[in-house]
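Structure first, then comments.
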Amino acid sequence: MLSFRSLSTSVLFRQESQIDEEQNLKEASTTSSSTLNAPREPEAGKPNKTQQLKKVFKEYGAVGVSFHICISLMSLGMFYLLISSGIDMTAVLCKLGFSEAVVRSKMAAGTSTFVLAYAIHKLFAPVRISITLVSVPLIVRYFRKTGLFKPPTPAP
């Protein structure tokens, strides 16, 4: 007679082997489809917004970080002001193109004004990151032109 332990071990082993087979099939299908689609996708190596933001922080240092923090604080304050003044942000966000399911999940009933403002602030993170990515190089270039910042040191 089989014990419970040996039965559960054999079931777990079967489940793990099925998972391994499914992963191998997925990897094989993605490998074959990626090799077929490789010439069509020139942007496959393009970094995402977060990686671009990290690059800007590394390249421009304190200017990039402080600009992004200022933009974030202004965004959070603006959304807090809008919500506390009584504007129906659910309707506004739905008109801007956010799906109602995402808006409802972020805006649970009975939340405080700050939590609601923070949730909407998080929805607009891609906008803030894009503003930082565009603005910081322009700001640093302007400051270098006026003489406030030193020109970049050439790489050895």
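Cβ coordinates come from backbone N, Cα and C, glycine included.
Sequence annotations record features per position, and here TrEMBL assigns compositional bias 'Polar residues' to 26-37.
What TrEMBL lists as domain 'DUF1279' is 51-138.
Taken from TrEMBL, the feature region 'Disordered' covers 21-49.
Per TrEMBL, the feature transmembrane segment maps to 60-83 (among others).
Sequence annotations record features per position, and here TrEMBL assigns transmembrane segment to 123-143 (among others).
Across the residues of the domain 'DUF1279' (51-138), the predicted structure has a mean pLDDT of 87. Note: the domain 'DUF1279' (51-138) comprises 73 helix, 0 strand, 15 coil (DSSP; helix = H, G, I, strand = E, B).
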